[in-house]
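S.K.: Mind having a look at this structure? Questions to follow.
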Amino acid sequence: QQYRTLRKYYENCEVVMGNLEITSIDRSRDLSFLRSIREVTGYVLVALNQFDYLPLENLRIIRGTKMYEDRYALAIFLNYRRDGNFGLRQLGLKNLTEILQGGVYVDQNKFLCHADTIHWQDIVKNARVSPLVVPTNSSQKCHVSCNGRCWGPKEDQCQTLTKTVCAEQCDGRCFGPWVSNCCHRECAGGCSGPKDTDCFACTNFNDSGACVTQCPQPHVYNPTTFQLESNPRAKYTYGAFCVKKCPHNFVVDHSSCVRACPSNKMEVENDRIKMCIACTDICPKACDGIGTASLQSAQTVDSSNIDKFTNCTKINGNLVFLITGIKGDVYHNIEALDPEKLNVFRTVREITGFLNIQSWPENMTDLSVFSNLATIGGRALYSGISLLVLKQRWISSLQLQSLNEISAGNVYITNNSQLCYYNTVNWTGLFRANNQKVLIRNNRDPKECTTERMVCDPLCSDSGCWGPGPDQCLACRYFSRGRICVDTCNLYEGEVREYANGSVCVECDSQCERADDYSLTCHSPGPDHCVKCLHFKDGPNCVEKCPDGLQGAISFIFKYAEANNECHPCHSNCTQGEKGLGQGGDQEPILWPYLTSLSLLSLRTPLIAAGVIGGLFVVVIVALSVAVSVRRKSIKKKRALRRFLETELVEPLTPSGTAPNQAQLRILKETELKRVKILGSGAFGTVYKGIWVPEGETVKIPVAIKILNEATGPKANVEFMDVSILLHPHLVRLLGVCLSPTIQLVTQLMPHGCLLDYVHEHKDNIGSQLLLNWCVQIAKGMMYLEERRLVHRDLAARNVLVKSPNHIKITDFGLARLLDVNEKEYNADGGKMPIKWMALECIHYRKFTHQSDVWSYGVTIWELMTFGGKPYDGIPTRDIPDLLEKGERLPQPPICTIDVYMVMVKCWMIDADSRPKFKELAAEFCRMARDPQRYLVIQVSYLTVPYLPLEHPSLSWGCTRSNWSLSLSLPLQGDDRMKLPSPNDSKFFQSLLDEEELEDLMDAEEYLVPHAFNIPPLAYTPRTRVDSNRVRLSSPLFFSPLLLSSPLFSSPLPTSLLSPLLSPLLSSSLLLSLLAYPHINSNRVNPCTQNAPLRGHSIIFHYITFYYILSYFIVFHSILLFSILSYSIQHASFSPNLFLP
């Protein structure tokens, strides 16, 4: 019988929802049906058996939600026959790798082998649990390849270790000793890869093959409406699995499948789904009345049957109270009823039959135990009566304050000598039929009741009452608070504030702050109608705390509180929320990793000396400033023009026609990389956000780390390495490779996201110049790929990253494919493709060429010109091929002239050979970028200006500057009105990793480019010389034209007079020139020479030195002037008319 029951329950079973107990099975039974079991949620008990082998080869995890003797999740003992040689010899648990809760007990198994060789601490998750395994039969040894850990003597019976062999960085199980072999944190029992879909079992829940912390919840947080809304992707928890619907014999309780509803909920069926709904007060429960069903033979409520009415809300039948029930029945051996037990009827809301009270305890002066009775149905009547109260001399009031309906039958209340208040009740208002009558007589005289003040409370209306007090009114004269009548609501005072909903006082939400200035606390119910919030405000709603890990539609929602206690979303780069206010309400300090040169300029303290002598030196300083400004603008213009017109357009001159590839590939150690957060997973591997700490240095560089899957073949690895040698200013750069067992590619981490989001967010600040510059950069990046015979296959604005507003880079080579030397096209396998960006030949034949990338380039340009518009928006993907074959294309963007749109149309020609090359596209857009407002028209408003030619301040990347001409009303177009913000990278680096020392973070390119301090060569000409008899100085940087042209220099000056003055002056002038040069050029990086900008401390040094030398020069300039004037006066060479017009 035991064996048949075991087989009936567990044959073809994979998950045991509960305990697996295998006991009292003899040696001849076939237990092979147990091989299907993979998981046990409770404990496993194997005891008192005689079989020799336990066939649980596929059991991987024991959860231990229930434990044997509250201690053990696996208990194996007494498995042998005392008077024979039969018993358990081998545990077939070779795949058991995790016990989540509880310990292990193995003892008194006479013939069992190898159990004491198992490393049980590797299996048991709780390190504090010590397994109790008594040494067993040691007649058989483990195979030599098992290292002394095995379940049996064979080579395939070695124990698989998944915890004690892991790298220190792993926070759970692993599938190898390397850092890249860590299992996902949601895995249990080991895994085959790093993703949540590679787990052998799940620690918490399995959602369609992926291990998750919790199943998709029925309600998710909507950050737009600030409300919880129904989740169409919701699933229910069924054991350790997420299911779309519960089994038919289970009911839904919130987000779980349960066998029965808890005591505070009731089961209802909604849309053929059985659900547990919270009861508003007491859950409905129907009970049999006197003379009905289980109480068919009962004549009255008595001590023998009153317990059957516990928690009843509906009585199907009648309630009868006779003297034999109240005082007991000696004949039937029934004791007197305890009056306290009558309180069980306080839960009754409906009696379908009649209520008959002919006896009542003497110490109870009312019927308040029926205070919640709302309806007497009258389906069964007692001599035509549905409510009978007869000869109860000690009842003074009925107190049936909830009674609002007597559906049928008459009311008979008579011979109750102390009963008052009955005459105030409008009985006919309770009736539902016209033939119902009221017979009330021989009760206490109402005049006597009035004399003894047994009258209705003044707060009751004229409708009457059931007894004394404001809670017995049939209706209230002013306001009601619950069942109690009040004269006013607590609008402005009281511990709990209210608002008046008609004549009903309703409490304000608990999240509303109580007003103390005689003003309203709330206007309506709910947390969204508070005048002021008690804690925090999330949108219109007052909440106890800001959402912290609340389930959203796609991911978890984290918010932080600002100084005004309003909740705001954390930055997208935050992984565990964000800090806002400190505990004391003060803003917590923010540590910046470094300051840019612009920040340092605003923080410096000027060190210019205040001793300027005369207006001559003011002229010198103004002239110097103007010269520096003009010089800076000239350098910017030349460098920008050189980027477009010289460096990038110059044809290479190497004999082979191919420029040498000077990319530097760094081989990184695994210890130099630290992974922070998973950014995503693809077909070839997993991408992490991480930090690169070069060995022997203190800098920390934010990077993206792509770990290739083990399943990625050697050919795919070679292709990735081919892609990784690409080096171009407009392609995301590979920083290095970690040659671990699974190859890790380390690339730049772009701080400003993708170009699609960037143009959408800043569409009001993007001008024509910037748009055309982006078109040039994308075309040149794709031209580089074409020269390297690489087809991108997924070019779109979402795959272009923004390093800075003036510098973008193409990324995502996940679909890219290198063509061999003789290949013209590439035939793709199956898989998802971006149809709306693909050429027609790619859709029909899956043939990809450089010309199919040109088609995608045209769609990408269209996205930019529409500021992030969606191509073919509203058209189903399946209709795109037919639409293209009919000749339809994307419409002309409003800002594009016909010249730009015709370039797009050429990219969308059906014949691939008719489409332009990327080299032609780069040249065409570069030509347009020199006169941007001719080709893109972005008109927003008009501005009235005086005649004043201004040079445009915000051009970049080498496009020609344009001046405003004389006009009273000029359209503010593109660059003329717009200036993109330049976000501070420090915010990005700070949000990247909260626990890091942020002051050492550095951008990758800043680290890799050499920081050379280049001093321009000095040119000495005959124009600057010191003669033996006189000195003529012609440097406009240090001497004003007034001084140089004055008669002071018309007469010879002795060298002996000027040499001690000019020597330090010339040396300071030279040093000033050297220091001014790097200062002028420190804000712009030349992409041709790859000079990096000066770091913060270098800029501070040069500024301090520059102004120190300037002050030093002014002092000597004053001494020189004074000496010249004195000498001239002394030798009568000074003329009074020297400074006259």
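Positions of Cβ are set from backbone N, Cα and C atoms, glycine also.
Bear in mind that the values here come from a model prediction, so they are computed numbers and not experimental data.
According to TrEMBL, the protein has these features:
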type	residues	note
TRANSMEM	607-630	transmembrane segment
DOMAIN	673-936	domain 'Protein kinase'
BINDING	Leu679, Gly680, Ser681, Gly682, Ala683, Phe684, Gly685, Thr686, Val687, Lys706	ATP binding site
ACT_SITE	Asp794	active site, proton acceptor
TRANSMEM	1100-1129	transmembrane segment
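Mind mapping these onto the model and telling me what they sit next to?
M.R.: Around the Cβ of Asp794 (active site, proton acceptor), a 10 Å sphere holds 20 further Cβ atoms from the protein chains shown.
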S.K.: Which Cβ among the binding-site residues (Leu679, Val687) has the fewest C-beta neighbours inside 10 Å?
M.R.: Leu679
S.K.: Along the domain 'Protein kinase' (673-936), what average pLDDT does this model show?
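M.R.: Across the residues of the domain 'Protein kinase' (673-936) the model's pLDDT averages 83 on the 0 to 100 scale.
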S.K.: For Gly685 (ATP binding site) and Asp794 (active site, proton acceptor), determine the Cα separation and express it in whole Å.
M.R.: 18
S.K.: Quick check for the class: what is the C-alpha distance, in angstrom and rounded, between Asp794 (active site, proton acceptor) and Val687 (ATP binding site)?
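M.R.: Here the two Cα atoms lie 18 Å apart.
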S.K.: Including all protein chains shown, what's the count of other C-beta atoms within 10 A of the C-beta of Gly685 (ATP binding site)?
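M.R.: So the Cβ neighbour count for Gly685 (ATP binding site) comes to 26.
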